[in-house]
């Protein structure tokens, strides 16, 4: 990615320098955004006692945070266009922190939904996407490395936040834990403060925004930005979401599969700690189970990324992704009857591996379907659909536990959804790809027919 100035000279991304500080900020923001909705589950047991509610009621907290994170993309994009990344992130950090601080004074579960769920979730969304925009502006040649390091924030923070949350719960109760967590989330403001916008080299008269004009989707590349040399010419406006990408059958298949995936993907991590505690596992050991998933995930993602880059794997990426989904689903199903701590640890190791594979492959598959030009709009639509799914999956699993008092059901449910998604994606991709190849052969055949033109 570069910036074209008036005389056509390309001002490239630094690929280092202050960009490493930006990368560090993105690492922290990514960690809070993806790990926090899962790590907060260590408080659920105490919340159920204080507010006299069930598993499904507390599961809504994580679901709302994730839904806000996924569904607030267009809002974040509009705010970045108007105010710039740094200001938006500062406001987002205050919202994320303020939501948890206010949540520590709540008196019922509905207030928790509004504070810890909506306000904190929106704050994290206003930090996450602008941070990736700035990361894309600072890195070009090293962008894959930068995105990989930033994405590592999720498993690293999951490994740390879960035992920390249990420690705070034991010492200060859930209200004190929420209050301290709110203070920790103020670090998002620090991350926003270091997001120094790049400036174009001046030539004669250059009108160029210091901020990127488009939201960079998670783990995606950034397109070039053209700086116009016109005082009276305004930058061309682009659609936030281009619905024409839905004409691609491959994208429709992917969206359906991802909706099914998200119904079950987050269920085990959100309810795992409660499950372990109900089986008699000590609180600190139960919280450490999420850390195990995080540790394995740290190594699974880059390893899977390297394997996916092999020349004989990359053309078959949808099938590799389907294999990851089947692996994750079978892990859930095969571990449904695990009740002792050793069995849960084994489950966490295999779940972390399969979860890391899914996380490493999902956006690469989407990029292969729609290409770079349609990636931004396609990902925006996918995230909006996932926001709906994440509001259905975990609360539904909690409802099953409340009604039948049986945790095995949620593992079978989550695993069945992942297996269904994997089989559907593999079969649909096979027939879609075969149909597309047949169509391409026909077009090539017709293109080879000589055309005689009389003169």
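Quick reminder: no glycine exception, Cβ is built from N, Cα and C everywhere.
Heads up, TrEMBL stuff is auto-annotated, nobody curated it.
The domain 'Major facilitator superfamily (MFS) profile' annotation in TrEMBL covers 1-439.
If you look at the transmembrane segment (20-40), the same-chain residues 6 or more away from its ends with a CB under 8 A from one of its CBs are 61-62, 65-66, 69, 89, 96, 116, 120-121, 124-125, 127-128, 131-132, 134-135, 138-139, 146, 149-158, 161-162, 164-165, 185, 187-188, 190-192, 194-196, 266, 269-270, 290, 294. Look at TrEMBL and you will find 20-40 (among others) tagged as transmembrane segment.
Within the chain, the transmembrane segment (60-81) has long-range Cβ neighbours (under 8 A, six or more residues past its boundaries) at 33-34, 36-38, 40-41, 44, 47, 88, 91, 109, 112-113, 116-118, 120-122, 124-126, 128-130, 133, 211-215, 217, 240-241, 266, 270, 380, 383-384, 386-388, 390-391, 393-395, 398. Residues or ranges marked as transmembrane segment by TrEMBL: 60-81 (among others).
Annotation comment: TrEMBL describes 88-106 (among others) as transmembrane segment.
TrEMBL lists 112-133 (among others) with the feature transmembrane segment.
For 145-164 (among others), the entry in TrEMBL reads transmembrane segment. Cβ atoms under 8 Å from those of the transmembrane segment (145-164) belong to residues 19, 23, 26-36, 38-39, 42, 131-132, 135, 138-139, 219, 273, 284, 287-291, 293-298, 301-302, 305, 352, 356, 359 of the same chain, restricted to positions at least 6 beyond its ends.
Here the transmembrane segment (176-195) has long-range neighbours at 21-22, 24-26, 28-29, 32, 43, 85-90, 92-94, 96-101, 103-104, 116, 120, 123-124, 127, 130-131, 134, 165, 168-169, meaning same-chain residues at least 6 beyond its ends whose C-beta is under 8 angstroms from one of its own. If you look up TrEMBL, you'll see 176-195 (among others) marked as transmembrane segment.
Per TrEMBL, the feature transmembrane segment maps to 243-267 (among others).
What TrEMBL lists as transmembrane segment is 287-310 (among others).
Marked as transmembrane segment by TrEMBL: 317-338 (among others).
Residues annotated as transmembrane segment in TrEMBL: 344-366 (among others).
Among the features that TrEMBL reports, transmembrane segment is placed at 378-397 (among others).
Residues or ranges marked as transmembrane segment by TrEMBL: 409-433 (among others). Within the chain, the transmembrane segment (409-433) has long-range Cβ neighbours (under 8 A, six or more residues past its boundaries) at 249-250, 253-254, 256-258, 260-261, 263-265, 267-268, 271, 318-319, 321-326, 328-336, 393, 396-397, 400-401.
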Report, as numbers and ranges, every residue of the chain located at least six residues beyond the transmembrane segment (378-397) whose Cβ falls under 8 Å of a Cβ in that stretch; write 'none' if there are none.
-> 55-56, 59-60, 62-64, 66-68, 70-71, 73-74, 215, 217-218, 220, 240-241, 243, 245-246, 251, 254-255, 258-267, 270-271, 363, 366, 369-370, 410, 413-414, 417
Which of 88-106, 243-267, 344-366 contacts the transmembrane segment (287-310) most, counting Cβ pairs under 8 Å | 344-366
Local confidence of the prediction over the domain 'Major facilitator superfamily (MFS) profile' (1-439), expressed as mean pLDDT = 82
